[in-house]
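**Student:** The feature N-acetylmethionine is assigned by Swiss-Prot to M1, with a large-scale study or a structure entry given as support. Annotation source Swiss-Prot lists domain 'RRM 1' at 7-86. The phosphoserine annotation in Swiss-Prot covers S68, S84, S188. According to Swiss-Prot, the feature SUMO2 cross-link maps to K80, K96, K98, K99, K106, K154, K159, K172, K176. The annotation domain 'RRM 2' is assigned in Swiss-Prot to 98-175. Taken from Swiss-Prot, the feature N6-acetyllysine covers K133. Sequence annotations record features per position, and here Swiss-Prot assigns omega-N-methylarginine to R139, R284, R291. What Swiss-Prot lists as region 'Disordered' is 174-214, 262-305. Residues annotated as compositional bias 'Gly residues' in Swiss-Prot: 181-200, 269-281, 290-305. The annotation asymmetric dimethylarginine is assigned in Swiss-Prot to R291 on the grounds of a large-scale study or a structure entry. As annotated by Swiss-Prot, dimethylated arginine applies to R291.
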Amino acid sequence: MENSQLCKLFIGGLNVQTSESGLRGHFEAFGTLTDCVVVVNPQTKRSRCFGFVTYSNVEEADAAMAASPHAVDGNTVELKRAVSREDSARPGAHAKVKKLFVGGLKGDVAEGDLIEHFSQFGTVEKAEIIADKQSGKKRGFGFVYFQNHDAADKAAVVKFHPIQGHRVEVKKAVPKEDIYSGGGGGGSRSSRGGRGGRGRGGGRDQNGLSKGGGGGYNSYGGYGGGGGGGYNAYGGGGGGSSYGGSDYGNGFGGFGSYSQHQSSYGPMKSGGGGGGGGSSWGGRSNSGPYRGGYGGGGGYGGSSF
């Protein structure tokens with residue numbers, strides 16, 4: 001399970017006075033840090049009230065997570081797995097959920113296989129593979145429910161997982177209304193660099209998925225959902241081996257090419273979902289190696305810094 005991204009943690013809600021040495025001093029108690037940074041506004045050089053620490057191995061990062069909540073310089077900070085810049089604009093990338101979508105499941109994959117595989121990231125409460133209500137035919141996708149948010153975050157950091165010899169795609173299961181509202185990470189805007197809104201994922205249970213109705217889980221591609229957008233395995237233009245076949249129409253034509261039918265899941269509206277504009281963290285700066293996932297109207301450190 002060793003993955004360098006799993007060793008990197010995001011720390012939000014820092015005291016504006018917290019320095020990198022102060023941050024390092026606190027988190028070194030849990031292991032060896034290979035990197036530590038407090039993100040600052042490039043113009044004013046003032047802290048944007050969030051930062052990152054990177055441990056030498058996953059076990060040390062896990063120990064820091066397990067010790068939450070953390071208080072640094074008088075502030076109770078929020079600790080979570082850092083999302084890579086590449087992934088930060090994905091719908092729901094910063095959402096706080098316990099439920100993951102798993103796509104690209106072949107017919108020989110059972111729910112027990114999902115539980116066995118994903119248990120390496122934390123306790124799995126259950127797994128389900130979605131089947132057509134009429135025919136009982138598996139539709140090529142399912143969901144995994146974890147006991148806590150960090151386990152889901154860890155599993156989601158690894159975008160593609162090998163299960164039963166097949167590569168499957170994993171994403172956070174974020175309801176469409178939370179993506180549109182920015183509830184997957186959007187907090188209230190703060191211009192003072194303080195806590196602002198913490199963006200707790202829309203304040204609703206993320207585990208209530210509507211599987212029926214007309215349309216697929218269209219944030220997640222042509223996996224279909226009650227009649228629209230069947231899953232076609234990793235082929236271009238609907239090619240490849242199909243789960244759902246012509247009965248479900250629009251095939252999966254590559255990652256990110258998702259059906260646009262009405263459903264309980266939806267495509268990301270510009271500025272929503274916790275990436276870029278509308279994230280929980282930071283101001284408007286897009287400079288430096290930490291731009292992308294934490295810049296733009298967030299709750300930690302507003303645009304005035």
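Here the Cβ of each residue, glycine as well, is placed from N, Cα and C on the backbone.
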**Student:** Find, for the listed recorded positions K96, K99, K106, K133, K154, the residue with the lowest Cβ contact count at a 10 Å cut-off, counting only other Cβ atoms.
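**Tutor:** Each of the recorded positions K96, K99, K106, K133, K154 was scored; lowest Cβ tally within 10 Å is K133.
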**Student:** Looking at the recorded positions listed here (S68, K99, R139, K172), whose Cα lies nearest to that of S84 (phosphoserine)?
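**Tutor:** Checked the recorded positions S68, K99, R139, K172; minimum Cα distance to S84 (phosphoserine) goes to K172.
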**Student:** Given R139 (omega-N-methylarginine) and K159 (SUMO2 cross-link), what distance in Å do their CA atoms have, once rounded to a whole number?
**Tutor:** 20
**Student:** Have a look around S84 (phosphoserine) and count the other CB atoms within 10 A of its CB, chains all included.
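**Tutor:** Excluding its own Cβ, the number within 10 Å is 15.
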**Student:** For the domain 'RRM 1' (7-86), would you mind checking the mean pLDDT of the predicted model?
**Tutor:** 95
**Student:** Name the residues of the same chain, 6+ apart in sequence, whose Cβ is under 8 Å from the Cβ of K159 (SUMO2 cross-link)?
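**Tutor:** Same-chain residues close to K159 (SUMO2 cross-link) (Cβ under 8 Å, separated by 6 or more) are D87, E169, V170, K171.
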**Student:** Which one, from the recorded positions K98, R139, has the smallest tally of other C-beta atoms lying within 10 Å of its C-beta?
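**Tutor:** Each of the recorded positions K98, R139 was scored by Cβ atoms within 10 Å; lowest is K98.
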**Student:** Most Cβ neighbours within 10 Å: which of the recorded sites K80, K172 is it?
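**Tutor:** Within the set of recorded sites, the most crowded position is K172.
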**Student:** What Cα-Cα separation, expressed in whole Å, is found between K80 (SUMO2 cross-link) and K96 (SUMO2 cross-link)?
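**Tutor:** Between the alpha carbons of K80 (SUMO2 cross-link) and K96 (SUMO2 cross-link) there are 9 Å.
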**Student:** Taking 10 A as the limit, how many CB atoms besides its own sit near the CB of S68 (phosphoserine)?
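**Tutor:** Other Cβ atoms found within 10 Å: 12.
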**Student:** What is the separation, in Å, between the Cα atoms of K96 (SUMO2 cross-link) and K172 (SUMO2 cross-link)?
**Tutor:** 9
